[in-house]
Amino acid sequence: MTTMMTDSGTASDSGAGLVDSTRNDTTTTTTTTTTPGDNDADDDNTNGTTTGHHDNNETDNNSKSYSSTHHVPAIDNTSTTNANDNEDAAGFLDRDQSPLSSISSPLSEPDNFEFDTEPIPSILSPKSTTSDNHARDGETPELDEDGQPPAKRRRVRETTPHNHSRKPKPESPPWKKFEAEGPTTIITEDGRRKSGRVNPVLLGMKPSDKKVTRKAIQTSPVSNKSSASTSRKPAPASSSNSKHAPAKMPPPPPPPKAPARKSATTHETRPSASRSRRRSPSPRRPATPPKPAAVGTRRSTRQALAHSRASYDDGQLSPGASRATPRIKLKVRPPLTVIPLVHPNQANVRPKLGPTFEEYFARAHEIPVEEGGQHIPDEEPKYTDEMALQDAKVILRVEKEVEPGGLLAPDRCSAFEPEAEEEPPRQWAHLDHLTKAMTNFRKLMYREQQLHMQAAKRIAIACEAEWRRRNPQPKTAEEIELEEMEASKAKWRQVIRAFAGTWENVRVEVNRRRLVEWEAEEQRRVKAALNQAVNLSEQKLQQRQAQVDGDEITDEDEDEDDEDLASGMPSVMGDEKESDEHSDQGSDEMSDENDEDEDEDNMSSSEDDDKKSTASDEGLTQEELRAKYANLPTLGTTDETEETTKDVEMADAPAAMDGSVANDDDTSDESVDMDDDLGSSEESDDDEEEEEDDEEEEESDDEPAGLLGLFFGKSELKKLKEEAVTEEPSVEPAGDVEMTDASAALRPELQVNGHAHEAPITNGTHTNEQLASSQTEGADDEVSLLVIPNDEIAAENTQTAAEPGSGVVEKDFLTNDSSLKYPNEIVQSENQTLPAKESVEAGGDLPMVDAPSTDDLQRETAAAPSLEAPPNTRHDSQETVAATDMQSQSQTQSPKTTDTKPTDVDTPHSELAVSVQKPDSRQSSPQPTTPTVKTEIPFLLRGTLREYQHHGLDWLAGLYANNTNGILADEMGLGKTIQTIALLAHLACHHEVWGPHLVIVPTSVMLNWEMEFKKWCPGFKILTYYGNQEERKRKRQGWNNDDVWNVCITSYQMVLQDQQVFRRRRWHYMILDEAHNIKNFKSQRWQTLLGFNTQARLLLTGTPLQNNLTELWSLLYFLAPPENGEGGFVDLTEFHNWFARPESQILESGREQLDDEARAIIAKLHKVLRPYLLRRLKADVEKQMPAKYEHVEFCRLSKRQRELYDGFLSRADTRETLQSGNYMSIINCLMQLRKVCNHPDLFVDRPIMTSFRMSRSVPADYEWKEKFIRNRLLATKPMTTVNLSFLNMIPTEYEDLSKTHTDRIAQLSSHRILLDLREAQKVRANNAYTALDPSSVKSNLVYLESAARWGRFEELQHCVYINALRRQQRPIYGKRLTEFLTLDTHLRPYKPRPRVPAKIMSWFEEDSFLLHNAIPTLQQRAESMEMTITKFACVTPAVVTGPEMNRFLLGERGIQLFEDLDLKLSAPVKYAPYMPPQPPPDPWHEARMRLTIQFPDKRLLQYDCGKLQALDKLLRKLQAGGHRALIFTQMTKVLDILEQFLNIHGHKYLRLDGATKVEQRQILTDRFNHDPRILCFILSTRSGGLGINLTGADTVIFYDQDWNPAMDKQCQDRCHRIGQTRDVHIYRLVSEHTIEANILRKASQKQMLDDVVIQEGEFTTDYFNRLSVRDVLGSNGEVIASNEDDVAANLAMDRVLGGPSTTGAGGYDGTADGGGGASQPPVRNVGRVLEMAEDREDVDAAKAAEKEIMQDEADFGEAGSTRPGTPGDGLADLDGQLLGGEENKEVEDEVIEYNAWGERMHTIDEYMLGFMAKALEGTPLELPRDRKKGRDRNRNRKGKDSRKR
């Protein structure tokens, strides 16, 4: 179908699809004849004419329907163009084909063109309708049935065709039976598409005034070839683009000159097929116009086309169509992201590149497109004249070949050939089937032939061999030679194979040595990087100190610097005014000491202000800096005389004393750069020359910054380095300056005359501000670690604010220590103006100093007690410091872990002070202290906070004030929830921040958090977000309104389900309870929460370290994610490189055997954690906390358990599995062993025993013989005996009948009636008798009817006989007489019931109940024997047979008697008048069932398990002592067994697991705490760690061991927490000599790791029964096994779970490629593997119980701390293996031989090793595969062994 579009539509297409997006009012004129049902499609066409592309399918369908109903003369796509326009366009195209036309015509931006919005009237029709379906003025628009304007079509005729009368159809072709009279497709009103062949066209679907005539359909001319080919394609809506323009249209009159505006803004359609556009399927959304072609962008082309089109438009206007149509203006709202231009100056006008177009195009090809030119690097070179000529030649040649006779002529070119019609597939005929069968049969015959030939060959060879065997012949020379050749070849292959194997071994050995060298080099690199970072931070600190000492600071400079620093960094107290006042006060004091500072200028080695020299220090190494500043004097000495001497050139004694104090504070472990990099971000406003020097140093600052990357991004690091350079204007600082020992320098100076000098504290000649700055820049974490409380300090703090150097670096998480203002620990940064005496008296101890004596420490501690005194404090020796950093020469005061136990100073406590270690090994709780806390308790908080909770609030408030995230890691039970609520209340009261806050908690404690909020802070509006989808949707009403609620409490599952909702909201504080849920950074939970929009984050967890350091890193990175790709925490690889060594040593050999380097690294880790982690233990903060005792109860296996355990281990497949390397199979075996230990029913249930039922008994085989004998020998002939009963000749046969009954039968006799019926039937049968005539069907039917009548007669005759026989049955005496005369002797000794009713009452009175009790009935006897039968009828017969055995034992009569008796006993009895009769109970049912089915005894549940036996004794003891217990287990099935156990013993209990509803958990918890009658509460270990308070119990019983000790620790804290008044006893049930002892050992090793890294001596009040554990574990930590099978199981467990037996010093298993041992799974993934090894139903139950905190445990798998094995003497061992043990000794004794060149002669092995090493030089070394990546790739390989073979 081809259509005619208006010039507007043509213009839209000719303009390369570029239209104004704000205008959509272009009008079109359409034909008045429309296809019925095309209204919807036409609306789409009209609405989307100029703005979009129409859908291909819609266009195609519309075109088809239009073609089928409108037979109008075919008009080509360019029919809208008149002849004049064609001539103009042709002339223009000729001009455009010149070579330089494409270059000379300027380009223009397509977006700048606009089209005239005035509609262009139709060319041919006097009427036209607008695009909005409104008629013109004076016309009434016609509406269709829907009330919409009719569809619009272009008219193709001047007049409407007449409605001719119907003409006969043309004759149909012979291959067609009928032809469609109307449209083949009808679109109904509801938009459905129907076929027009079977559905008539309704009149209502046609327009009212436009009728489709049949003549219009029939008079359609045949389209030409091109139009036909075009009609098959989807016709575009604006089909004005065509290659050929027909000349059928008469040329219009010459048009007048068009207006300039119209000629400038309208365009003519280019005759290019690529420029045509398709309409969008949606008319409302204008589609983006397609990118115009390169030629179409030339402005000259568009102008020419616009001019020609405008001429054509003006010429086509008629008077009737010249009226203007209403203009529609669509206002499009600009996007919100675009700032509107309100002034011309806001527009970014691009400067002109040339005054004229010629100059522009001369330069445009060199200027990039982005800058306004035409140069595109990726495009082809400039279009030159030669290229244009070449293209023109190609075009001319194509035109020439198109002519007749050319290659492209229609008669020669294959492109013009019609497409071949697809032939229909030919149906299979008989010949086809026959051919297929023949082919198949041929294949089978050929295959059979081949098999026969092969068999014949084999038989021939076998015959030949057999013939030679039977007829041996002497071998010929050729045969002998052939055999020798084969033997030689075999030997050669063997030698080559052995030789290749030897070289392969050599290659493996060389690679092993290379790997060892690489590992050593890698360790050196890591250590060097660590030391370099430490040295760099220390050098920066020393440079700043030396620079401050030698710099002359004027009052103005000092004031300006202080003001800039104070204004540039946030104040600690949040008061900018106080900060400014304190800065001014400090600057005045500094100006008073300028004379002293001038005396220190000789500290500098040069007096000039060479900034380049100072800046160049950043790029120098440590050795170069030492050489450069070797002549600098030290800042302090180690004794009192050196401090006061004049050689140091100090100003005065107070200054020297202050220097010692500052040195004491600044000295630190030089190997620790974690906090050295926490320097302040001081800003100085130096001159521009210093800024230029900073820019020169930027290149050197881009290198890696070591541990600085832990805390700062690249931009912050660069800024810090620039500031460090600008702070050194004239002084060249010293490289390594000897730091003064505090114990030698501070104390004597402080104790002069019993009091300290009343002088300000200075650092050498440092002033107070300089001291604060240097301390902030330094790396020491004493500021964040120690608290020196005093009322004077508190008073002073109210007047002073942070020093300029104590600011925070923007919003970085891990900022400097002084910026993390913990309670009362802002000593150096806020109290620098305090005199020395006040400082000492206030603080007692200066932070982290080497105490000279215990008395001094006690005296200082007594002067001002600290917040928390750690129970054990010990400092390392000088050797430890030397081992940490060999280059450091100064003694450090960084805390170390001692040989026996680490000090609590190393723990990440934020508020600690040094105390004295008590001689007792058992440490008690510290003495109460009264420190000063600055953060007030918010008035919104109801209740009273404990002292340590108030300090926690102060710490949290300090974190928020410094824009820092943190971890509140208090031990379970210390009230982390209350402290969090207090923090939110503090934000509301003091910062006026009410929210919104997001609190994410486990599902089980959601309601608990809501109750705590309502109890402690009822002023908050709480939204508990949970429920189904509809409930959550209802709760989200008013979600973005801050006044609806303040705190949203939800669970981890809800966050994952509705993460999009939570992401869109900006949260002020996001708090995660039980934060170990996000310990896996690969889990969906971690990644989802990481992307939330939050201002601050807080993590609450009682176990910050559960398994390894990867989990700790996940928490740290979650708190400090990088912003815009910069900053954030260090990556995981670097973090593991720092701290992998101590972790592996702890897991291998325990905490006591750590080397000095590992201890130093542990100290560094503590310093990393201190700034943002608060960890308090119950023993440290609670003065009246009850003690906690831990016991291990070893349970002997029961007999059944031992049999199952040993039997499983002794299996061949079990041994093979334990020795294999497939860890899934090993874990499966270990899980089965654990099930046996927990209860044997978990491993295999006690069966319900039944007897074996034989299908046939043994005597049944003789049944046929017995029947044969009876039939043969005992057979009776019927004719020889007379049946008297049949003859009715036995008088007493009917005595069971009553005479009355027989008389009544005789009275009601119907004998006569039956006789009459018989006779009548006989007559009918005789009359209808017919002989059999099978000749016809009719005769057969007549015979069948006759036979039926005779059959009826015989039936009636039999009835007459039976009736007469029964009528004659009469008794002699009758039933009543016999019953009356019968004595009930079977009822004796009971008196029979009288038959006279009058005597029944006397019979009841005479009945004796004693007689009834003496002689019980059968039912009473069965009830009395029920207990005996139940207890002792427990042995079922081995075999039972069928019922045929009874017939041989009892006979037929016996069986009949038993059956009759059974029927009588089971007859229903009516017990009550209105109750239906019921059968009596079977007395033999219980005995029959007991002897048929043997159910296991309930008592065996306890006696089959050693743990339950021990638990029974333990519960009895607890119940007698008034204790209550919590019983924890891992497996859900064990909970079921415990329920049965408690039910058997009658104990009251409650059960809680993951399947318990959220609403019920709090109810169960409250019920247990308030009901002392409940003895036990059985829980799952997973549900035990969900923040549930069960202080009503004082005993915790672990039924089985969890491989993760953190889970057990959480379970203990359910009852050992605040509110517990009694001592807590913990019992662990461990099966002795089993795998559980090894699990206990592994848990102890992980606990050691937690003690060293996090706790540092956590169990101070836990009196663990270590002797019992040592009895099992042995002296070396190995489990004492009872037999070889136990040893194999323990070794397999070590291989799988990781242990000393399988990991070397490095952690990789002993081989280089890991093939020698099991593919070790991650330690944290073992729990998941154990779940996979369990039964399916157990796994489902465990998932339901652990869904709150273990939902994504499969993702939580992380690799344990593993490192490559230490080579040791592996090389020598391998040499010994190659040479042999004895031969090696002989080689050592031999004399060394030399060759002719005087070189030592080596062995072949050495030669091979050297040769291979030389050959492998430069080749890539295969490094050990990363276990984590390997697990990720092989995660889908469930249980497959993926090791290298």
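In case you wondered, yes, glycine gets a Cβ from its N, Cα and C as well.
The following features are taken from Swiss-Prot:
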type	residues	note
REGION	1-329	region 'Disordered'
COMPBIAS	1-13	compositional bias 'Polar residues'
COMPBIAS	63-84	compositional bias 'Polar residues'
COMPBIAS	216-243	compositional bias 'Polar residues'
REGION	539-713	region 'Disordered'
REGION	749-935	region 'Disordered'
COMPBIAS	762-777	compositional bias 'Polar residues'
COMPBIAS	815-834	compositional bias 'Polar residues'
COMPBIAS	922-933	compositional bias 'Polar residues'
DOMAIN	957-1122	domain 'Helicase ATP-binding'
BINDING	Asp970, Glu971, Met972, Gly973, Leu974, Gly975, Lys976, Thr977	ATP binding site
MOTIF	1073-1076	motif 'DEAH box'
REGION	1702-1724	region 'Disordered'
COMPBIAS	1704-1718	compositional bias 'Gly residues'
REGION	1751-1783	region 'Disordered'
REGION	1816-1845	region 'Disordered'
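Features as recorded by Swiss-Prot, highlighted on the structure.
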| residue | record | Cβ within 10 Å |
| --- | --- | --- |
| Asp970 | ATP binding site | 23 |
| Glu971 | ATP binding site | 22 |
| Met972 | ATP binding site | 20 |
| Gly973 | ATP binding site | 21 |
| Leu974 | ATP binding site | 25 |
| Gly975 | ATP binding site | 20 |
| Lys976 | ATP binding site | 24 |
| Thr977 | ATP binding site | 21 |
For the motif 'DEAH box' (1073-1076), what are the DSSP-based totals of helix, strand and coil residues? 2 helix, 1 strand, 1 coil
So which other residues, same chain and not among Asp970, Glu971, Met972, Gly973, Leu974, Gly975, Lys976, Thr977, have a Cβ within 8 Å of the centroid of the Cβ atoms at the ATP site? Gly1102, Asp1613, Arg1617, Ile1618
Do you know the mean pLDDT across the motif 'DEAH box' (1073-1076)? 85
Does DSSP put Lys976 (ATP binding site) in a helix, in a strand, or in coil? helix
